[in-house]
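K.L.:
Dropping the structure in here first, questions after.
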């Protein structure tokens with residue numbers, strides 16, 4: 001499977017306090033990818049939820065790369081990433097993995 005991503009950061013000159021809250025990763029070797037959509041409302045409390053979503057996706061990729069079994073369990077990856085994420089904030093998140101053995105797409109999703 002060939003995967004890629006394209007990301008265009010938003011620019012809002014009317015709201016300079018607005019920060020980018022989203023993050024993602026692509027892992028060709030494990031045929032997996034993840035997306036996090038940070039909750040922008042945290043900015044009202046001075047919290048950068050973008051830091052949370054970036055840390056969550058970085059921890060997800062690290063957990064994924066440490067996976068030694070033949071297949072990826074997106075739920076376990078997301079759970080491990082959640083417990084290792086120390087930044088304040090919150091996010092919706094999805095981890096998706098293609099399993100070559102059973103030819104199924106496995107998904108973990110938290111949030112809307």
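In case you wondered, yes, glycine gets a Cβ from its N, Cα and C as well.
Pulled these features from TrEMBL for this protein:
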- 1-22: region 'Disordered' (REGION)
- 2-112: domain 'PPM-type phosphatase' (DOMAIN)
- 9-22: compositional bias 'Basic and acidic residues' (COMPBIAS)
K.L.:
From the DSSP assignment alone, can you count helix, strand and coil residues within the domain 'PPM-type phosphatase' (2-112)?
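P.N.:
Grouping H, G, I as helix and E, B as strand yields 35 helix, 29 strand, 47 coil.
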K.L.:
Mean pLDDT for the domain 'PPM-type phosphatase' (2-112), as a whole number?
P.N.:
88
